[in-house]
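In what follows, a single structure is set out as structure tokens and then discussed.
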Amino acid sequence: MATILQHLPVGQKVGIAFSGGLDTSAALRWMKNKGALPYAYTANLGQPDEADYDEIPRKAMEYGAEKARLIDCRTQLAHEGIAAIQAGAFHISTGGITYFNTTPLGRAVTGTMLVAAMKEDDVHIWGDGSTFKGNDIERFYRYGLLTNPALKIYKPWLDQKFIDELGGRAEMSAFMTKEGFGYKMSAEKAYSTDSNMLGATHEAKDLEFLSSGIRIVNPIMGVAFWKPEVDVPAEEVSVTFDEGQPVAVNGKEIADPVELFLELNRIGGRHGLGMSDQIENRIIEAKSRGIYEAPGMALLHIAYERLVTGIHNEDTIEQYRLNGLKLGRLLYQGRWFDPQAIMLRETAQRWVARAVTGTVTLELRRGNDYSILNTESPNLTYAPERLSMEKVEDAPFSPLDRIGQLTMRNLDISDTRGKLGVYARAGLLSLGGNAALAQLEDGGAKKK
């Protein structure tokens, strides 16, 4: 049997990642009517726009599920979010504003935990609502098969028969009404939203046009800080780390990582911290655009990186950032649990994060406008007396030391001049006149 099934497996158990929305509700009922045995699995990821998780499995049973389970994924999601912070696993940014890979992190947790729950129920066929144009279809494919190598994939949105009968939201709404459930479509927004405890993604529809921006978005994790009528008073906040683990906010210890993120989201959200507008490359190398929220992740990232720069040396910081860019791409591609990703992640957790102990105090204002007010750590290698402009006792180096350093470190100046002369004679570089190197004489090579 092929791994990806193009037709409904009649008479067999089919697990569906069930959100309770129109798409998965119609798909579940349709599969039931066509003779499959649907099993519904709902991930509790702490979605900020979900009011009642317990109601979702009840809906699934009402629509014909053989069994419906709510899987609490919040603790695992929090741990993965902290791991991403520790490793700097973020590769998408614009103008210094970062996207924190919150959807890829959510898919890593959902894809593994839901399939593990299905295995417990002897369900080995899985479907979800991802489309063939997006990233999620590949992420779920990888995480699902990683968790259960015997897994088969059935997606209604890849089944032509389903598409012919229920190809649009209007058709799905009419179908559910005909089935006696009176399902009414919610008011259409100008964009679609997907969220979890770590962040929210707004994309598609009007946001596909770059002429539409953040001003059409209604934030679900924070405030519309760009609106002048929205009052956003400045606020001081401190974040404390112990060996790379965030342990306290404003001096209050929070042992539960879920509660920690909820508190960080509340604080950062009051300012709209962590909102960004990104153009990114999907896995299939086509560009897409999204507007993102991640107030808690942003707050952790700022505090963590401040400690990293105060504690570690330049080469360690450079390697942390290079590895983080690579790890961010692997995470985005659905490879968070692949060996190459584990190697990069655990390297950062062991050799970078374990030294990150201390407290950073910030003032948050509107959006991503903030100031760092204080940095405290027993592991700081920042030592102002080394470079003080004032006279200090037992100075670590003298003027003579610097003379020696300048001489030895810059023996290559004559070599550089020579190379510039070679480039000038080859017509690659202009010396003199109005050129950038106008004052540099071509004396770097021996004249014949």
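Just so it is clear, glycine is given a Cβ too, placed from its N, Cα and C backbone atoms.
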N135, R139, S192, T201, E203, E280 show up in Swiss-Prot as binding L-citrulline; which entry in Y99, Y304, Y320 does that record put in the same site? Y99
Which one of D164, D194, D206 goes with A17, F18, S19, G20, G21, L22, D23, T24, S25, A43, G129, T131, D136 at the ATP site, as Swiss-Prot has it? D194
Other C-beta atoms that fall within 10 angstroms of the C-beta of T131 (L-aspartate binding site): 11
Enumerate same-chain residues with a sequence separation of six or more from A17 (ATP binding site) and a Cβ-Cβ distance below 8 A; give 'none' if the list is empty. T24, Y41, T42, A43, T110, L114, W126, G127, D128, G129, F140
Just how many other Cβ atoms lie inside 10 Å of the Cβ on D136 (ATP binding site)? 21
Between S19, N135, S192, which of the binding-site residues has the fewest other CB atoms within 10 angstroms in the structure shown? S192
Residue among the binding-site residues G21, G129 whose Cβ has the most other Cβ atoms within 10 Å: G129
What are the sequence-distant neighbours of Y99 (L-citrulline binding site), meaning same chain, six or more residues apart, C-beta distance under 8 angstroms? F90, I92, S93, S276, Q278, E280, G290, Y292, A294
